[in-house]
Amino acid sequence: MGKDSFTPLYDGGDSSHVHLNKFGSNQLSQSKKSWIARNFSRRECIRFVPKSHDVSRCKCGRPRERHSQQALESGQGSEEWNVASCTTKHPTNAYGEIDFEGYGGQKRAPYLRMSHDTDANLVITLMLKRWNLEIPNLVISVTGGAKSFVLKPRLREMFRRGLIKAAKTTGAWIITGGTNTGVMKHVGEAVKEQQLMFGSDTQVNVIGIATWGIVDKQSDLISEKNGKYPALYSMEPTPGHQGAMLDPNHSHFFLVDDGTEGKYGVEIGMRSRIEEAIMKVKTDSRSEAGSIGVPVVLLVLEGGPNTVATMYELIKKKVPAVVIDGSGRAASVVGFAYNHTIKRNVDGQTINVIDPQYEDEVRAKVVEVFGAKGADKTYSMIKDVLEDEKMISVYSLDGEISQDIDLAILKALLKANRSSPVAQLNLALAWNRIDLAKSDIFTEEQQWTTETLSAAMLTALLDDKAEFAELFLQNGLSMREFLSLDILCKLYAEVPGNTTIKPLLQKEMGKRQVKTIDMDVVGEVIEELMGDMFESYYRKDGHYFGELASYAEGLVLKNRKSSKDLLANINRIDPLPTPYLDVFLWAVLCNRRELARVLWEAGREPMAAALMASRLLKRMASRAQEDNTITDISSDLYDHARLFEERAVGVLDECFNENETLSQTLLVRELDHYSRMTALELAVSAESQDFIAHTSCQVLLTRLWMGTMAMNTRWWKVLVCLYLPVLIFPIIYFVPDEQHERQAAEREHQKSLNQKSSKVKSHKEKNDAPVVPVYRSKEEKAVSNDEEARVGTENEEEDFQLEDYIPEIREDDSMEVIMRNKKLGFCDRIMHFYSAPFSKFVGNVVGYLAFIFLYAYVVLFNFPRFDPAKTLGGIHPTEIVLYFWVFTILIEEIRQLAAKPPKYIKDKVSVYFSDTWNFVDIFSLTVFIIAIILRFFTNSRIFTASRIILSLDIIFFIVRSLQIFSVNRLLGPKLVMIQKMMQDLAQFIIILAVFTIAYGIALHAVMFPSPGIYARNNTWVTITSVVQYPYWQMYGELFLDEIQGEKPKEFGEVDPDGRWLSPLLLAIYMVFTNILLLNLLIAIFNYTFERVQEDSDKVWKFQRYDLVQEYHSRPVFAPPLVLLGHILIFIRWVWRMCRCGHPPRGSTMKIGLSPAEMEQMDNWEFQAAEMYIHQQQQKNSGTLEERVRALGDRVDCINSQLNRVLDSMSGTRAHALTDGNGLEGGHDSEGRLARMEVELSSNSESLQKILALLQQQPPVKGQAAVPIQLTLLHYKARSSPYPGSTAKRFAVQDNMVDWQVPFPDYKPVNYTAPVVLANPVWADKDLMAMSPRPELPYNQMDHTCNVNRVSYNGTYVVKDGLPLNPMGRTGMQGRGLLGRFGPNHAADPVVTRWKRTSAGVMLQGGKKVLEFVAIQRKDNNQWAIPGGMVEPGQLVTQALKAEFGEEAMAKLNVSQEEKERIAKQIERLFQQGQEIYKGYVDDPRNTDNAWMETVAVNFHDDKGDLFGDITLQAGDDAAAVRWQRVSGNIPLYASHVSILEKVAKMRDAAF
């Protein structure tokens, strides 16, 4: 092979025009073209051996005239002819690209004529390196009939669709014989159809391997030099030629030459070797474990004896075969034989053999199809082919998988690897077929562990196969066991080069001069993207990414052979602390959307993770924008960041709806793995305006802003009390005061109830369940506090007692101090008032205004020149006060700089100056200090400079006061507008300067040419005039008289030529500046204004955070008294350093939680995230597109079944007409066909109506997709496995549910649970085991068992002594878990109230939000309405109260008096119930003979007072109980969602 053997010869991309550049004779070098000629050869006959029956033709198939004289002479006297001795090799003369004339839309197909003994590896090199084909994940070798044959229309359609689908979804190559006949033509037509439907961009690689000697029009392909580019190939066959045309729909051709002509089958051996060589090529994957040998599968369609021989040879090489039964000849014979095989044990091995009863029939078919000659050999090969059941699969059009022939092809390979589930998984991964993995690999029988899934998981991560990663996480893979430091580093080492993060990693590696990526490099890059406040734990956590990494590296160096095992053991002993977060960050940095989503959904702390992802993606998008070559990546990154921002807001919304208080705790808790930042800080860092604008954040900021003062405290009260502290007590209202008043009102209310209840005699109702409250500890309050309504009016606020949730309060954390509620003493009130950010703000505003007035007074009235002879240099005392005031402001700015979170001063400065106001502060203070220094010089000019600087500096101090307006909702956004317009103006000035300077220079050069009498000799005047006059002219001061030379004394003498040219230049200049540029500036300002105005509310809310954060951390006093606060801070710092060894944390907007509290909060947040994810999935599945797609799938299924029936009916009719009773049979068939047509017409009309209904009524946003056919068809009652068992129901399609529909093959599974068969008192006798069966009193009251057997749905049918489910078949007979045959009556009390927040009753979409008492079932952990079975002799009303008490209220040891009080309140509630539903329940426990029916009654606590002080506590029958929001997005047990929907409609509530 030449030195240029890896130089690409063919570009597999868009080739219809690219070949002109790449393969034209002018561009393609001679050396590249000759590579093929040097490495591939053809064969020519060198010995003419005449045929016995035709002496004019050689045994090679060519006539005498096509042989050389030497060949004619050497063949004289010879009778034997063979390829080895009678042919010789020559460089190939047929290669290039075929352009099929008349097929202009087709891409040109590369082709090559080669010898039959060519090295197969050389062919693979040609395809991969020269023709640039991608390594396939599968090779489908199609074989069969070489001559034209007819397929049934439906089989032809299935074959075409399935073959192309298999190739496209797996990235497969299809190999055929390449000619335009037989099975090859069917394959070509399938490809053509696919390209017509989806365009030529979706090309499938179809490789034709044909015999050169049978190809028609060989001369069109031959070129003695440099190949043909293109080779024009006409599809008109040559008259009289016995060969075949090449198929124009193939993409590549190999023409195998053994020197013969007209001989078929020459290519078989070469094709087999090529396929064998392909199997040794590894598939393309970033993971070594993900690279497998390319699998090959044989697809057999029709065919003759050679087809059977091909199957035989390939199956011996362990290539599985798929036979299309019903396609004719060989395929049908093999299919028939396969369907009549039995298993037999031979020499300890189980093999398939043809059933002896059918051997003669199979032999007869072989003779019938192939003829008697060679029948025994063919039969023997068929027997051998069928022996290994794993290696052969028969696809039947009428079989169970007839709808998906692609699955049959792929499952054949899985079947061949049945003994190795890991190999099967690798195949599914390579094909990216998640459907196969779910249905055939991850089954109940196969158990998976982290160890077996680790390699596949690494492949899924590296190859961005998110669905597989999700599947692995759901089926036994533990991320904690899987992820090690070694794998994490490998993930970052394999980051694709086209990502934004790759250059950043390489840059950091270059700085450190390292060749491999370690986590310290990654941590540095993450810190760079996150900003100076963030400190990655990859860098600071020395245990996991420092000491452990070094220890592991040392072990690897010492024990190279077992390094993987050592690292795995280390990972088991001491796993990484946050594996999900680690891999999630990698996926985000690689911008892998679906993978990031999967890992985010599975990980912890979803809100913080989403916000961090948003920040990282936005920063990477900003970096990408700086590179103009990757702007598309930038937009994609921004869109990805927006998705995570939406997810963070969604999780926060769920948390807030569930519990307002805990949601605010989530916002301010310290997160260890996020550099001890809070979710609020991460949101600000990510500039997430939507997140900060959320109600939860804004309520929290309001609470922090007001401190412990009531939220409605007016500013003037604060202003008065700042200077008259004694008025704090009468006019300032504090939050703890409200709490204590509310608690006092509760106690009074309880006292009055106790007094009334003491007059009532103790009594106990017969059937009432005990309902009593429970004493709550702080821990229990943490779960139930927000779920209990408070006694009072409808508009009262909920309790906000953070110490109930966060009991660990530390003195140095002012955040916790602010949010605590405790009784305030005299000093506490004063301290809390002055430490509130709002009070600090008012004090600072007043102080700053006083400072401005003092500054103005000094500058305007008392700023004398410094005189050393006078006392204090003659400086006025007010000026000294001003100096001291500025000094205190400077000290405060230094304190703010030192208090910034970053550790290093450089990072502190960076964070400090990220706030524009801080830059203004430092600039104005620096200028002030310069002015004061100059002020003390006695030189008059220096003093004047000092006075001027000081006078100008006041501008910046006054402008600084604009920050005061940021607290206002209307004026705050205006400041943002001004800031953004200043940025626009800076860019505009650059453009304006170009025009101004250009015009100024031209104008001056025209008016005052130099040198000469009109030249100006003053350089400074010349320079200033170049800028001065154009600038003022822009504002309307045109200087017309001056530029026209009418004022020579003032302006100077103007050159005569300039007098007429200057006005013309001015006119042009004014057009550009005043008309074009200034209007452009106005348009830019207008756009900025509209953009900010649209989100003005969000902008203001986002600004609030900075304001609250600044004043939350400020000392109590404003300058100049702030110095006292600094002294106190210093004293405290010294005290803590001496006592504890570390400085105080200072005043922060954070809450520190104990590990146990963090765990509880994490679990609660994770549950809220799961709810949000479920709602999003419901929303997506409820879209019109998804519903139409699902409906389309079902229509396809129905269509397939109907076609199958029609085919069967057609066959029956044809058979009947040829039978002796043809007339009668014909009439019967006609009648059935007529009925079928009627049914088809009816189905078509129904489908059209369904589609119209879907289009007219799209789903309401956020509304759940509640099954409309709940009353028509049962779904959960047909689900498998049956609850509490492994029993699976008989499959019943929707159209077969009705008992009226004939279903002769219906064989329901008989199942009754052992607990029911034990014959408890609540169960009937087992009628299924009795013969004859005794008749129970169905459809009436059973007085013997004291059970009502009347159905709420009316009379039900009784057959063979058993009742039939009125809703239809369920696939199971017996009773399952139900005790009674027939209806089993239940009672479901739906106890509701209005959901309240601190602002009153919650509203959604203008409607009130309901919440109901929900219990978590112990058997399946699903949430449900509390309810249960109606016991024998029990009334429904009694059952409602009893079930509510048993499942929602615990049996607690409280006083009898308290029991009576609670019982009375429950009695009041249950006296006002409204029936919601009465009838059948779609319950998974239902069977054909036993089913659930219920009565659902709504008991509504409208004012919220009945449950105000009653605690919900799960009983023995429930795992948990809580108040749950009524929403269609919440998954509930059985048909409870539809019941709640009825409640919401009745109450006109949101759903």
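Just so it is clear, glycine is given a Cβ too, placed from its N, Cα and C backbone atoms.
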Swiss-Prot annotation (coiled coil) - matching range among 1184-1209, 1262-1287, 1392-1417: 1184-1209
Listed as N-linked glycosylation site by Swiss-Prot, one of Asn1017, Asn1353: Asn1017
Membrane-side pairing of Pro901 with Gln1340, Swiss-Prot annotation: yes
Which range of 1019-1034, 1435-1450, 1531-1546 is intramembrane segment, per Swiss-Prot: 1019-1034
Ca(2+) site, defined by Glu893, Gln896, Asn918, Asp921: further same-chain residues with Cβ within 8 Å of the Cβ centre: Glu892, Leu897, Tyr912, Asp915, Trp917, Ile922
Helix, strand and coil totals (DSSP H, G, I; E, B; other) for the topological domain 'Cytoplasmic' (899-916): 10 helix, 0 strand, 8 coil
Among Glu893, Asp921, the one of these binding-site residues whose Cβ has the fewest neighbouring Cβ atoms within 10 Å: Glu893
Residues in the topological domain 'Extracellular' (1035-1059) grouped by DSSP into helix, strand and remaining coil: 12 helix, 0 strand, 13 coil
Tertiary contacts of the topological domain 'Extracellular' (938-947) (same chain, 6+ residues out, Cβ under 8 Å): 859, 863, 865-868, 931-932
Cβ contacts of Asn918 (Ca(2+) binding site) (under 8 Å, same chain, 6 or more positions away): Glu893, Gln896, Tyr912
Surrounding CB atoms that lie within 10 Å of the CB of Gln896 (Ca(2+) binding site), all protein chains: 17
Confidence summary (mean pLDDT) of the topological domain 'Cytoplasmic' (1-714): 83
Residues from the same chain, set at least six apart from the ends of the topological domain 'Extracellular' (859-877), whose C-beta lies under 8 A from its own: 935-938, 940, 943, 947, 950-951, 954
